[in-house]
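Chemist: Take a look at this one; I'll ask things after.
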Amino acid sequence: MSQKVVLITGCSSGIGLALAVRIAKDEKKRFMVYATMRNLSKGEALVEAAGKTLGRTLEIKQLDVCDGRSIKACVDSLPERRVDILISNAGMGLIGPIECQTIEEMKTVMDTNFFGLVRLMQELLPDMKRRKRGHIVVISSVMGIQGILFNDVYAASKFAVEGFCESLAVQALRFNLNISLIEPGPVITEFERKVYEEGLKVDLSKADKVTADMFTNIYLKNYSQIFETMGQMPEDIAEHTLKIITMDNPPFRHQTNTLYTPMTTLKYADPNGDLPIDTFYKMVFEHDKVFNASLNFIKLLRWRSRKSFTLDKDKAS
Ligand SMILES: NC(=O)C1=CN([C@@H]2O[C@H](COP(=O)(O)OP(=O)(O)OC[C@H]3O[C@@H](n4cnc5c(N)ncnc54)[C@H](OP(=O)(O)O)[C@@H]3O)[C@@H](O)[C@H]2O)C=CC1
Ligand SMILES: CC1=C(/C=C/C(C)=C/C=C/C(C)=C/C=O)C(C)(C)CCC1
């Protein structure tokens, strides 16, 4: 069986970079990875992490998901235009009260996170259908199934992604194609830093006092703590994704973070949809002390298990 061709978007940092490197370093050399980024001058970190795979199982190419011509040029440059596995990863976040955001800012998020995927699919789906072979893997988010306070537009963009893929999945089956949504919770990447820094800069003068206070003193105040407690590393997401692309019958949805699943399960537990909303409200406004204590407890457990893992490794070596 020849190598499978994998095209990944947004590989200049974070999950995309980790994915490209992990898949290119596959022990059985099952994949040829085209790691793409919109700005090739940001390729240094990937070049370094790719090491010897560069020019062998990994090649870097330019691709901007907001530019149809750039997508076409990239796909046209591939041997026989063949892509067996598309990993749509490029994306951006946006936090804050909606009254403080412009429609332009919101459109940029939708254009990147949702229309970026649509453009890729328009370019690649017809070829995949013709070959009756292909797997489309989308880095969605837990926010593709559940909205989170002050992430209104970001969550909307990921809901759009999920609705789009769920609708297409039936048609895809007819052509022997698979679609999989990877749904990480918080992941420690540039995304976290960029979103937080932009959040600190939000001009809250258009928001009322209660909303501005909620954003600053509840959301932003707890933001880093949530990432520290529940955050996964991009390498974890890469490992999960590698498993999904090597399965015979890959699932349509895959959540990567077991610490987060109690939250998303609330959504499926109540068809009225009130349970997750009421629970989030109580966590934030009524049981904030219990919520913070639980986060600290999880942090302690994770710290201890990391420490014993390091000690075990030291003993073994
Ligand atoms: N971090 C998290 O907590 C979570 C992230 N996700 C999702 O994971 C994906 C990757 O994010 P993550 O690695 O965390 O964040 P990063 O900010 O580290 O990476 C985002 C990548 O997307 C690229 N990108 C942005 N816009 C475009 C564009 N128009 N064309 C091509 N590439 C673009 C960025 O390129 P550039 O460097 O040029 O900006 C960068 O390479 C996103 O879809 C995000 O929504 C999902 C769940 C949680
Ligand atoms: C869990 C939780 C919170 C925050 C969750 C966050 C911040 C999740 C971030 C997820 C990301 C970044 C996904 C990216 O796609 C709140 C609202 C503070 C309180 C209620 C419980």
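Going from the start of the chain as shown, residues are counted 1 onward.
Including glycine, each Cβ sits where the backbone N, Cα and C put it.
OK, TrEMBL features for this one:
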type     : residues             : note
BINDING  : 10-38, Asp64, Lys158 : NADP(+) binding site
BINDING  : Ser141               : substrate binding site
ACT_SITE : Tyr154               : active site, proton acceptor
Chemist: Given the binding-site residues Arg22, Arg38, Ser141, return the subset with CB under 6 A from an atom of ligand 2, ordered by sequence, or none if empty.
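Modeler: Result: Ser141.
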Chemist: For ligand 1, which among the binding-site residues Ala18, Arg22, Asp26, Arg30, Tyr34, Arg38 have a CB under 6 Å from it?
Modeler: Arg38
Chemist: Hey, does DSSP put Ala18 (NADP(+) binding site) in a helix, a strand, or just coil?
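Modeler: Where Ala18 (NADP(+) binding site) sits, the three-state DSSP reduction gives helix.
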Chemist: Select the most exposed residue of Gly10, Gly14, where exposure means the fewest other Cβ atoms within 10 Å, treating these as the binding-site residues.
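Modeler: Per-residue Cβ counts within 10 Å for the binding-site residues Gly10, Gly14 bottom out at Gly14.
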Chemist: Roughly how many Å separate the Cα of Asp26 (NADP(+) binding site) from that of Ser141 (substrate binding site), to the nearest whole number?
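Modeler: So the alpha carbons of Asp26 (NADP(+) binding site) and Ser141 (substrate binding site) sit roughly 25 Å from each other.
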Chemist: Non-local Cβ contacts of Tyr34 (NADP(+) binding site) (under 8 Å, 6 or more apart, same chain)?
Modeler: Val5, Val6, Leu7, Ile8, Glu59, Ile60, Lys61, Cys74, Leu78, Val83
